[in-house]
């Protein structure tokens with residue numbers, strides 16, 4: 001065992017094998033860190049940064065696309081609304097038109113029907129008048145003949161005569177109605 | 001130093017003779033060669049720990065990197081957090097992204113390797129930091145040293161760098177007689193030496209304290225017959241437990257300090273912005 005005095009100084013005097021192994025180890029670890037460990041992690045860091053930046057750019061692009069699509073759909077929707085309003089207006093005006101036409105036609109038809117009815121009534125009235133005139137004449141003639149034929153002796157005869165004339169009238173009226 | 005070591009050695013011998021607790025010795029950091037003894041690539045315990053830890057670290061980080069995916073899992077997220085911590089909180093924080101980009105691999109190598117090696121000090125079975133011999137901190141310091149001189153020559157030329165470091169503007173001539181040698185010693189010796197010794201001393205001291213606590217615990221709780229000593233054992237165990245956790249923190253802290261100072265020294269080689 002060396003004395004402690006020598007040992008104390010020896011601590012600071014490098015042994016040749018200590019130099020050798022320290023140098024070997026330094027070179028090994030330095031090569032490891034320089035050539036493998038740090039480049040590897042640096043590439044991972046770079047790749048990660050690129051990926052994050054790429055992801056952000058992609059998200060921005062997607063956002064822009066979504067905005068554009070939204071705008072497109074909104075435009076389309078607006079156009080559709082305008083079209084619908086236009087179609088509705090057209091339909092409404094057309095309907096008004098149709099109703100107006102129909103009304104005009106109906107009024108015309110009504111007027112025509114009224115006119116026809118009037119005409120028919122007038123002609124029937126005329127006919128009735130003509131026929132009445134003729135029958136009244138015949139009746140008057142017949143009545144006068146009967147009055148003259150039955151001598152008009154008493155009140156009974158008169159009454160009978162009037163009754164029979166009225167029956168005649170009724171008969172004739174009924175026959176006319178049936179005709 | 002030698003006196004203290006002698007005293008400790010003497011005390012250790014005495015206590016060992018008195019069947020006291022085994023006091024951790026300085027020569028635990030100068031263990032016998034166990035493989036290829038006598039050759040330039042002989043291995044002692046610490047170097048074996050260092051090689052094993054290197055393999056373990058390369059496996060852990062290598063598998064993490066080869067399985068790395070775009071969408072990180074929990075473990076990958078943790079590893080990425082470590083890389084981004086070194087990149088953003090150490091390198092870019094000190095020298096900015098523009099200058100810092102080329103130094104990220106170097107500072108990552110230094111930070112992760114020192115951190116893993118420091119952790120060996122509290123891993124059961126290893127129980128000694130792989131950075132606890134002079135050469136491992138020294139070679140990292142030498143790397144930093146080379147890098148800041150290269151950066152100086154590349155960015156502003158050697159003369160301009162020496163002028164910037166040794167003769168700050170506004171210093172009167174007589175002071176320069178004192179200042180120039182001091183600054184030269186600083187950039188040539190103090191910077192790499194302080195990097196080396198800070199890390200080495202932290203690892204040695206950490207191991208000594210933790211080992212002392214647990215060897216005392218072993219002695220008080222198991223080896224000694226005196227039951228009154230049990231209380232002392234509980235105390236030393238609790239202290240050892242706390243120190244172990246503290247060593248885990250120191251493992252990170254020293255890796256952070258080494259990486260940060262390396263970055264700062266390289267950054268000082270760049271011309272000062274006016």
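Glycine residues also receive a Cβ, built from the backbone N, Cα and C atoms like all the rest.
Database features, via TrEMBL:
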type     : residues  : note
TRANSMEM : B:46-65   : transmembrane segment
TRANSMEM : B:103-124 : transmembrane segment
TRANSMEM : B:130-150 : transmembrane segment
TRANSMEM : B:171-193 : transmembrane segment
TRANSMEM : B:199-221 : transmembrane segment
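Tallying C-beta pairs under 8 angstroms between the transmembrane segment (B:199-221) and each of B:46-65, B:103-124, B:130-150, B:171-193 places B:130-150 first. Counting Cβ pairs under 8 Å that are 6 or more residues apart, the transmembrane segment (B:46-65) and the transmembrane segment (B:171-193) reach fewer than 3 and are not in contact. Long-range contacts of the transmembrane segment (B:130-150) within the same chain: residues 29, 46-47, 49-50, 53-54, 103, 106, 110, 113-114, 116-118, 120-121, 187, 191-193, 195-197, 199-200, 203-204, 207, 254, 258, 261-262, 265-266, 268-269, each at least 6 residues beyond the stretch ends and with a Cβ under 8 Å from a Cβ of the stretch.
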